[in-house]
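Over in TrEMBL, the protein carries these features:
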{"type": "TRANSMEM", "residues": "12-33", "note": "transmembrane segment"}
{"type": "TRANSMEM", "residues": "39-56", "note": "transmembrane segment"}
{"type": "TRANSMEM", "residues": "63-81", "note": "transmembrane segment"}
{"type": "TRANSMEM", "residues": "87-108", "note": "transmembrane segment"}
{"type": "TRANSMEM", "residues": "115-134", "note": "transmembrane segment"}
{"type": "TRANSMEM", "residues": "140-158", "note": "transmembrane segment"}
{"type": "TRANSMEM", "residues": "170-203", "note": "transmembrane segment"}
Amino acid sequence: MTANRSAQIQLVIKIVIPLVVWMLFSNIGLASFFTNHDLLYLLFLALGFSGILSQIRSKDKQPILFFACDAVVAVLGAKLLMTNGSFVNWLLVLDFCLANLLILTKLINEPHCQWIIYGIISGSGIVFLFNVTYHHYFSLMALMSITVLIFANIFFSFPVFMKNSSHLSLFVIMLLILGLCVTLSLSILKVLMIAAILGFYLFFEWRVNDRNYDKRNNTSLVCLLLFSLVTCL
């Protein structure tokens, strides 16, 4: 019973934290997601997509959950496409197809390729869609925020795809993220806090046993959430 409850909590964390991160990076007031009909619709779609991506992060796959989330995203996404077949909606279709390729097939079996693809598809299309739906335009600042999100996804998804032997790549990505944060005109205090979060995670990955997957995965998600809160609020 305790093991089942722990597994359920782990699953909720893997679904909810990425969803909250995407909401934060959309630069839209959180209350608007529950009062704006269009955003609420997209929120359910994003929840289903986060459920799909949670299966990439999980060692023990749950086929029922995956196919249920797949069906939800397919139905809601199809309705969206029939209403408005814009470029942004097709970008979400691409994310959906790549996520299914990573989970269902061995076509992409090189860890670095999987790592980069996951970082790109994990919320970039969703945040793009949130922005365009709410603001009816897409700014350069929003594009920079999505770029930061992509690199943060790559940085904090390290334990999902890579072993503890490639910390130089993490260090390089950390420097890129800090450079991007500076271009967002964040305060010095925020940049220092972000550097502390990234540095802590890099140190953690250097010290932790790579066999302790759950600990690495949970820590990476919590650090991603903290990073997003500091960057976006």
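Just so you know, the numbers here start at 1 and follow the chain as drawn.
Each Cβ is built from the backbone N, Cα and C atoms, and glycine gets one as well.
Outside the transmembrane segment (63-81), and at least 6 residues removed from its termini, the chain residues within Cβ reach (under 8 Å) are 11, 41, 44-45, 47-49, 51-52, 54-55, 89-90, 92-93, 96, 100, 103.
Through the fold, the transmembrane segment (115-134) approaches residues 18, 21-23, 25-28, 32, 36, 38-39, 42, 45-46, 49, 53, 56, 86, 88-89, 91-92, 94-95, 98-99, 102, 108, 142, 145-146, 149-151, 153-154, 157-158, 160-162 of its own chain, all at least 6 residues removed from its boundaries and within a Cβ separation under 8 Å.
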